[in-house]
Every structure is written in C-alpha cells, then in structure tokens.
Amino acid sequence: MKNDSVKIFIIDSKIDKDFLNSPALKIQPESSHGSKIAAVIRSQSRVKIKTLSAENLTGRIDENNYLAALREIKNYAVLHPEQKIVVNISLGFEESGFQRKIIKKINELQNIVLVAAAGNNNQEKISYPAKFENVIAAAALEGKGKMPGSNYGQEIDFAASGIIKITQRYYLPAFNFSRKYKLTGTSFAAPQVTALIADVLSLNPELSIKETLKIITATADKIADPLFSKNKLGAGRIDRFEALSKARPLYFWLQLAVYSSLMLAALFLLYFCWQKYSISGIFIFLIVSATIFLIQPILLLFYYQFGLLNIMLFLLSLGAIYVVSLKLLKFYLKNSSNFSLMLKIGPHLNNKLQDQVGEKITRFLTENNINKQKLEQAIISSLRQSYSQKKIEFYLQLAAAFKLPPIALIIEKTMNSKISAGAAASKLNLEQKNKKEQFILIAELLAVIFNNDYSEKKKAAEIAAALNSALILIPIKNTLQKRNQLQLNDSVLFFLLDIVGGFAEMAADFTPLLKEIITQASNPWLKFHALQAYQTVGIGDSDYQEFINKIKAKEKEPVLLALK
C-alpha cells in the first residue's frame with residue numbers, strides 16, 4: 001500500500017538511507033538504532049519515509065536536535081495540510097517540560113499523529129513523549145503477555161511484539177543461511193504501530209487519523225496478561241490483517257485472491273511436473289520452490305518498489321501484449337510469402353501457429369513453383385543442422401511432406417530424437433502420395449535396410465512396418481525367394497521377415513515361402529524370424545497347428561523361442 005498523501009517521519013539516530021528503500025537490506029549488529037527502526041517499518045509498509053536525526057556530533061541523542069526535528073515536522077504538516085503524517089519516536093525522556101510546548105502544538109494539527117515507545121524499565125511509568133496526551137504509546141509483548149522489560153500503565157494505547165527475529169536468508173541470500181538477528185524492546189513495538197496506522201490511511205484515504213485509531217482499537221486482540229484486564233496494556237495487541245480488512249473490505253478479498261492464486265499456481269506446477277516427469281517431477285517442483293524461496297528478496301524489492309496492483313497490471317499488460325502479438329503474427333503468417341522467415345521462427349511458435357506455417361509451406365511444396373526446389377533444399381539443410389527435439393519435429397514434418405522425402409535423413413533424425421517409428425510413418429503420410437511416389441519411398445526404405453548399419457536398418461524396418469502398405473510386400477517376397485543368390489546379410493532377412501509378420505493374414509500368400517525357410521534354412525535365427533512371422537501370417541493355413549507341432553518336435557532353441 002503506497003499513497004503519496006501519507007508520509008512517515010522517523011526521529012531517531014542517524015539512518016542508513018538504503019533502509020528507507022529496500023526491505024531486503026541485511027541488518028547488521030552494528031546498524032544504528034534508527035536504521036533498525038526504519039528496517040522494521042519498511043518491512044511492513046511501502047509508505048514513503050522521511051528521517052530526522054536527533055544525534056549530536058558524539059553520537060548521543062541531543063534534546064536540541066530532537067526539538068529541531070519536531071519543529072521541522074510541525075512546519076511540514078502546516079505547509080502540507082492535504083497530507084497525513086505519522087511520526088515514529090522510538091526514544092524516551094524522563095523530562096517533559098522541554099518538549100511539552102512543541103508536542104502540544106503538533107497535537108493541535110488534524111493531519112499528524114505521534115507514535116512513541118513506552119520505555120523499557122518494567123515500570124508503571126512510561127517515558128515521554130509517549131506519556132503525553134494524544135501521543136500514541138506502544139508497549140511491547142513477548143509471547144502471550146507483556147515483555148518483561150516493557151513499561152505499562154493507563155497511558156498505553158496499543159501493544160505489539162517487542163521481539164522481532166530476523167532470519168538473514170529472508171532478506172538476502174547468503175552462505176550463512178542460518179544466521180539470525182533479534183531486535184527487542186518497545187523501540188521495535190512502536191514502528192509496527194506506526195506502519196499499521198500509515199497503511200490504514202493509505203488503504204483508505206477517506207479515513208481521518210481519529211477514525212483510523214478507532215479501527216485499530218476495535219480490531220486489536222486481547223492479551224492473556226493480568227495487566228491487560230487492568231487496562232494497563234491499552235486496547236491490546238494490534239491485528240494488522242483485521243485492521244486493514246476493516247479499513248477496506250477489498251483488502252481481505254485481494255489477500256484471499258493472492259494467496260489462493262499462489263496456492264493454485266503451486267498445485268498446477270506440481271501437477272504439471274508430475275504429469276510430465278513422474279517421480280522426477282516432485283524433485284523438479286521442490287527445486288523450483290526452493291529457487292522461488294531464495295529469490296524472495298528480489299520479489300520483495302519489486303513489491304515495495306511498484307506495489308501489488310502495479311505488478312498485477314504489468315503482468316496483465318504483458319498478457320495482453322502477448323495475445324495481441326500472437327494475433328498480429330497469425331495475420332502476418334497467413335498473408336506473408338516469406339518462407340525463409342517462416343522456417344527460422346517455425347520451431348519457436350506454439351502448436352497452432354506451427355500447424356498454420358506447416359500447412360502453408362506444405363501447400364506451397366505441392367504446387368509447381370519455380371522456388372519449390374530452393375525451399376526443399378532449405379528445409380533439408382535446416383533439418384540436417386537441427387539437434388533439438390522441437391526443431392527436428394518441425395523440420396521433419398515438412399521434409400516428410402515432400403513428394404520424394406529424404407528418407408535416409410529422416411531415419412537419422414528420428415534416431416537422434418524421441419520420434420517413434422509410428423509417428424515418422426504418420427508424418428510420411430503415404431496415402432497422400434501417388435503410386436509412383438509410394439514405390440520410390442518404399443524403395444528408399446528398403447535401400448536403407450539393405451545397405452545401412454544395423455540401427456538404421458532397424459529404424460527403417462519399423463517405419464516400413466508402421467506404413468502398413470502392401471506395396472512393400474512385392475519386393476520383399478522377391479528378395480526372400482532369391483535370398484541364396486543375392487547373398488544378403490542375415491540381419492536384412494531378419495528385418496524383412498519382421499515386416500512381413502506385421503501384415504498378418506494380409507500376407508497369407510507368404511505362407512509357403514515361410515514354411516520353406518523354416519524347414520530348409522541352415523541359420524537357426526533366420527528360422528526363428530520366419531517362424532515368428534508364420535504365426536501371424538499363416539494362422540489361417542489349413543495345416544497350421546500340424547506344422548507347428550512338427551516344428552516343436554523337430555527343432556530346438558533358438559528356433560523354438562519364437563513360439564514363446
């Protein structure tokens with residue numbers, strides 16, 4: 001909550017200016033008292049802070065400097081009646097006379113309120129200026145009751161925690177992750193009251209200072225301490241959330257929306273990680289969560305610098321820009337003929353735009369265009385130079401749509417990626433090609449099976465089987481019939497038989513040939529593959545079971561492994 005019509009003034013020792021702007025600045029033991037006060041206020045409020053030092057040259061609080069600071073604040077309030085000013089004084093004096101006059105003049109103004117620490121003497125006698133009428137006196141609490149050192153009495157207005165533990169990792173990532181720093185005393189209860197008053201005024205500018213104090217009083221919590229029942233700890237423990245929610249109900253719903261959104265985002269991230277990476281996803285989720293936890297200081301800086309509303313508006317603006325950009329890009333791609341640009345940006349587009357680009361390029365490739373060959377070469381070059389999954393999938397889809405696809409390159413890239421043989425066969429889309437193009441494609445697959453290394457033979461055979469085109473059966477049958485004359489590598493015959501087996505009863509005319517190989521071949525593994533194919537191809541054979549029984553009686557492993 002940041003409102004330029006509200007200001008916080010701190011009268012204290014000299015303050016490091018960095019503490020006024022950054023809630024993420026690390027507090028050190030040697031940090032001045034004033035710097036610690038500023039850090040407490042800044043950690044809770046985004047209201048602009050102005051500071052005035054009451055120190056003299058020796059580093060001690062000086063009454064004259066203190067009075068000068070009060071006068072300066074009074075003059076500022078007079079000159080800026082439209083502003084509401086909250087003054088934090090975490091200082092205490094036994095004497096009242098020297099400051100009574102200026103305090104009285106300040107209290108006569110309607111746009112200013114003083115908040116002061118009650119003191120740390122454990123007495124029913126609070127220090128000045130907290131004891132003055134119309135100055136808000138803050139007592140300190142520890143746990144459920146009064147902090148042992150805090151003063152108390154009828155003049156107390158509110159109480160707040162007097163012990164503030166600051167874990168360094170919450171403020172700035174460092175190697176000393178477990179290092180903590182503790183602030184104690186009424187000095188650090190007062191700035192919490194100051195921050196709350198300023199935030200209520202910022203949240204609802206229509207409220208007067210008196211109305212703000214009434215809200216904080218009404219929302220304060222009871223304290224489990226006998227002194228509270230005796231009205232010596234004021235209205236009770238300040239409740240920041242309740243006070244801000246009462247000042248403006250929208251605050252409650254905004255907080256609910258923010259925390260609900262964060263919870264939903266966390267659950268969505270966990271679900272996404274689980275769906276995509278299974279057990280590993282849990283560890284990815286934990287790593288992301290830990291990273292967000294460690295960069296809290298940066299997120300906090302953004303929040304204090306710009307405010308939640310501005311950050312949300314910025315994110316919504318980014319979303320709107322993204323949507324508009326997609327619309328413009330979609331329109332451009334629809335009407336553009338710059339295929340070179342499309343090839344460059346294609347892999348980085350979302351699925352819908354990729355499909356749009358792919359359809360446009362594919363349509364161009366099916367036309368008799370003088371630039372067709374040039375574009376095909378560009379696609380082949382892009383595919384050859386691609387190593388990421390996204391790029392391979394995009395360019396392979398385009399290359400597979402050629403009338404004469406670069407089969408060897410497609411097989412190589414499917415082996416280097418997670419593209420299955422079925423997916424590759426689907427991309428080749430054999431049905432969209434004419435008979436001549438189908439024969440050439442099948443011939444190229446067979447050429448890979450005949451000539452390339454084992455892994456490429458295997459991938460080519462898997463793609464050929466996934467194509468499920470009966471056209472491939474003709475050359476396979478001729479090859480198997482002339483296997484002895486051709487003197488082919490055994491692995492070639494193995495893969496050809498596996499392809500035949502995939503056609504099942506569609507390849508029923510292979511039954512006699514398979515029987516011949518099973519009964520006459522000398523290579524037991526060739527028999528194994530033939531028998532494996534026969535079990536699907538020859539299932540309709542009249543003597544199928546009789547033949548199987550004969551093989552069981554005659555053969556041994558590895559041939560019989562096919563029957564298992």
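Here the Cβ of each residue, glycine as well, is placed from N, Cα and C on the backbone.
Annotation comment: TrEMBL describes D12 (among others) as active site, charge relay system. Within the same chain, residues at least 6 positions away in sequence whose Cβ sits under 8 Å from that of D12 (active site, charge relay system) are S32, H33, G34, I37, T51, S53, A54, N88, I89, S90, L91.
Following the DSSP three-state reduction, the secondary structure of H33 (active site, charge relay system) is helix. The active site, charge relay system annotation in TrEMBL covers H33 (among others).
Look at TrEMBL and you will find S187 (among others) tagged as active site, charge relay system. Counting only residues at least six positions away in the same chain, the Cβ atoms of H33, K36, I37, S90, A117, N120 sit under 8 Å from the Cβ of S187 (active site, charge relay system).
What TrEMBL records for 27-234 is domain 'Peptidase S8/S53'.
Residues or ranges marked as transmembrane segment by TrEMBL: 250-274 (among others).
Here TrEMBL flags 281-305 (among others) as transmembrane segment.
Taken from TrEMBL, the feature transmembrane segment covers 311-333 (among others). Only residues 6 or more beyond the boundaries of the transmembrane segment (311-333), in the same chain, are considered here, and those with a CB under 8 A from a CB of the stretch are 302-303, 342, 349-350, 353, 356-357, 360.
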_Secondary structure of S187 (active site, charge relay system) (DSSP, helix/strand/coil)_ = helix
*Across the whole of the domain 'Peptidase S8/S53' (27-234), what does the mean pLDDT come to? Round it, please.*
87
